[in-house]
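K.L.:
If you look up TrEMBL, you'll see A:58-76, A:97-113, A:119-138, A:150-167, A:179-199 marked as transmembrane segment.
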Amino acid sequence: MNIFRLLGDLSHLASILILLQKIQSTRSCRGISFKTQALYATVFITRYLDLFYDWVSLYNFVMKIFFIASSCYVLYLMKYKYRPTHDPSIDTFRVEYLLGPCAVLALLFHYRFTLPELLWSFSIFLESVAILPQLFMLQRTGEAETITTHYLAALGAYRALYIPNWIYRWFTEDMVDPIAVTAGIVQTALYLDFFYVYFTKVLQGQKFELPA
Amino acid sequence: EKPRSAHDEL
């Protein structure tokens, strides 16, 4: 564990707490893509299967349980409790365009040809693009509530912070994971546009609005 | 065989 990974994980944790806070305080999941949330639940469930047979640490265990549980809880909130506040007509990204290629990539790039390893690879690739339905929705509506942008910023910061973590591990542990690193760089790059608007507008106290 | 590199990450 190093400071970058710890801050990345805390940022990830914070993003989920901000999302829950947004839903509970506005009693609405307006502006949140159900598809992105469903993809994240898929990511966590397929990646953390090792919970059942591989012990890393208490920290690792608790975080994995939290990510699986919270992502399922968000799906429950969106699908049942606050269902009327979710508008599927603007959440139109075709997720099959993400799931298919990620499955193919996992078949091509993995560390071992076993089901858990294939699912692990799949989850890494899927995570890197899981935000696209959400960003697509943002693009369509052209604006977002401030709390939603804080959620996205914390989520983007999480994978961005993993990049210095991998550089650090390269030097201190001689560790490199080409699959995670490549996908992580792609994942972070997808946020660049969003980050630009977040830093130049939201953090200056303005509303998140995309130019028409 | 390749070590399970980033499998200790989240």
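Cβ atoms are placed via backbone N, Cα and C, with glycine included.
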K.L.:
Between A:58-76, A:150-167, A:179-199, who has the most Cβ pairs under 8 Å to the transmembrane segment (A:97-113)?
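P.N.:
Stretch with maximum Cβ contacts: A:179-199.
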K.L.:
Cβ under 8 Å, sequence separation of at least 6 from the ends of the transmembrane segment (A:150-167): give me the contacting residues as numbers and ranges.
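P.N.:
Those are 2, 4-5, 7-9, 11-12, 14-15, 18-19, 22, 127-128, 131, 134, 138, 144, 176-177, 180-181, 184-185, 187-188, 191, 194-195, 198, 202, in sequence order.
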